[in-house]
Amino acid sequence: MEENSNQCAAESAAIPLNMEGESNDGEERDPESISLSQPLLRRNRTLSSSPLAIVGAKVSYIESLDYEINENDLFKHDWRSRSKVQVLQYIFLKWILAFLVGLLTGIIATLINLAVENIAGYKLLAAVSFIEKERYLMGFIYLAGANLLLTTVASVLCVCFAPTAAGPGIPEIKAYLNGVDTPNMFGATTMIVKIIGSIGAVSAGLDLGKEGPLVHIGSCIASLLGQGGPDNHRIKWRWLRYFNNDRDRRDLITCGAASGVCAAFRAPVGGVLFALEEVATWWRSALLWRTFFSTAIVVMVLRTFIEICNAGGCGLFGKGGLIMFDVSTVTVTYHMMDIIPVVVIGIIGGVLGSLYNFFLHKILRLYNLINQKGKVHKLLLSLSVSLFTSACLYGLPFLVECTPCDSSLAESVCPTNEGSGNFKQFNCPDGHYNDLATLLLATNDDAVRNIFSTTTSTEYHPISLLIFFALYCILGLFTFGIAVPTGLFLPIILMGSAYGRMLGIAMKSYTSIDQGLFAVLGAASLMAGSMRMTVSLCVIFLELTNNLLLLPITMIVLLIAKTVGDSFNPSIYEIILHLKGLPFLDAHPEPWMRNLTVGELADAKLPVVTLRGIETVERIVEVLRNTTHNGFPVIDDGVVPPVGLAVGATEVHGLILRAHLVHVLKKKWFQREKRRTEEWEVREKFTWVELAEREGKIEEVAVTSEEMEMYVDLHPLTNTTPYTVMESMSVAKAMVLFRQLGLRHLLIVPKYEAAGVPPVVGILTRQDLIAYNILNAFPHLTKPTSREKGN
């Protein structure tokens, strides 16, 4: 099942989409000239949607989130009865939670950095000590054994305790903020495994980073704070009731994602822009302020720990993970002719980024087949990658020649095997260093600093850089997808900086740009070519380098790389979303969706299931047991209409959620006579806080035969203001409305009122707007014309 669903989802973006628009004389007609009132398509199957997606290690049932405000009688009463003090308390608590998100994310990120740098640093130091004694085999056994142990810890935790902690977590966060409820993604167990697993995996020398996991960890912190802790030990404080809804939880998780990026790169503005550009679907100014506040708190925490580490309080390697790269003291000069290598770097980044996405897609499909075989195969895959990585990192430096140290460098600087440094001696004699060992036998952050180093034009040989680039391309492809927390940022940065520095060496006689800055531009171009981000990446690299003079050429590189990459395939996160089968709604509908109406989609679905305003318990139980729908229109017949309408009109009272119906059955809110209830009766039995809970299944409810004959007044619990569209609206327009408003259900009403026409002809859900599901129901869609593509 997983393979088929992945294949369907992954191929949906590549399916040719055409319209049958030929006239009788064989000439092709313009599809846009066809009236929307005419049925364009011949349908030969029912519109069906698969609510299944891969979350963690298994196929899970996926539901949408209720970002729409449910304006029933209880909500309206609560909103009217709130005092100014309660409103101010609600606003104040939002800022308090934003502060706590930033504080905890900064502290945990610092602890992860310190743990990774010290564990990896002391491990490499011990391995080098064997090399100094010429005990090369023992050095490899020690290094490989330590890496296998660390990888085993990370992999076992992910495989056995929290499968959702594997991977970066950013695609699932994107899906959640888009309106997809991804199960078990933000739990306490997931967060703990993510923290420990990231420390183990990164310390093991695997080609992955802690940046992606930090985004996931920040989101977990935000989610747990908003709901008062894990599900089994949730704090039921009165003030937390304000945040017991999907809308506020979405805002908190957005703050958490921005805080995670800020903690990874020490880039507060870049973190905010990352959340805005890459993960968030819905945005507003108040959320911008709170997100910026959270990232400011993260920076303050990091700055505090940097001062402690600079004073020597973080161990031998501790400060390494907190300061990645700083060129504020480097004078950046470039001329008009330097634009040529900058453009070349952008083009190379776009091409290589799209190639990386293509091959990674194939590798992930292969890993999916391996992972389906069970936990043992997942663990063996992780250990195999770890052993291969250790062999490459330890063995390849022996293939390159030693380089004499520059006479201008002090003996304490070149060569060295102690702590961090640019000139690792490795197996070389005194006065010489191994440039490839400098990059490979170092912590990941040290490797970035070494390859970004400026004013060191002769430090690295082109052959060493080529080996480094090829190795990290291979390791980057085969490491991502194993059962450990992984991040894509650092592998892409290392690959991009390698070819950027090679290009700088090749063009050193034609440009005045330093090779270290070429490495920065190469890293930026490959990230833009793979992840397709521009503004946030530009600011992140600006804050990393701490040099405003790099801004113009960085902007050019990012724009070119993204443009080139977009012409080949989607971004890496979009590819992962499709592979997992998560029903993510893109910002731009397919062109052919403009020639299809929501009424035609409704005709392709099963008839809509409706309930009456005062319904029997038997009917409610029957509907809940025989359908999987999460929303039902509430219809009243024979109501007394406003002046000017016919007597006995039909009223669409609103929409009631499945969770609320289950809650009614659990509370036994039944009545023997068929009547409307008073407002005080509803408030006596329910609170709006209880209705925000989405727990409960119909199978857990027991109803007697006597209760089956009773009635339930659904009016007080019905959302009286659901969003509706006319059946003549195009699918493209409905999809934009659905996505921007964060809807879960969209009612379709008829354009004309006539006898026998139901007041609600259908309900659109997220699954109905996914391109692949529509194409299944309408197989005659063909490739759009060149005019449609241009529009």
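Note that Cβ sites are derived from N, Cα and C of the backbone, with glycine treated the same way.
Unlike curated records, TrEMBL annotations are generated automatically.
What TrEMBL says about this one:
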REGION    1-35  region 'Disordered'
TRANSMEM  90-116  transmembrane segment
TRANSMEM  136-162  transmembrane segment
TRANSMEM  252-276  transmembrane segment
TRANSMEM  282-302  transmembrane segment
TRANSMEM  314-333  transmembrane segment
TRANSMEM  339-359  transmembrane segment
TRANSMEM  379-400  transmembrane segment
TRANSMEM  463-496  transmembrane segment
TRANSMEM  548-565  transmembrane segment
DOMAIN    718-782  domain 'CBS'
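At the 8 Å Cβ threshold, with sequence separation of at least 6, the transmembrane segment (548-565) lacks contact with the transmembrane segment (136-162), having fewer than 3 such pairs. Over the domain 'CBS' (718-782) the predicted model carries a mean pLDDT of 85. Across the candidate stretches 252-276, 282-302, 339-359, 379-400, 463-496, the maximum count of CB pairs under 8 A to the transmembrane segment (136-162) is reached by 379-400. Put simply, of 90-116, 252-276, 282-302, 379-400, 463-496, the stretch with the most CB pairs closer than 8 A to the transmembrane segment (339-359) is 463-496. The listed stretches are 90-116, 282-302, 379-400; of these, 379-400 has the most Cβ pairs under 8 Å to the transmembrane segment (463-496).
Using the rule of three or more Cβ pairs under 8 Å, pairs at least 6 apart in sequence, the transmembrane segment (282-302) is not in contact with the transmembrane segment (379-400).
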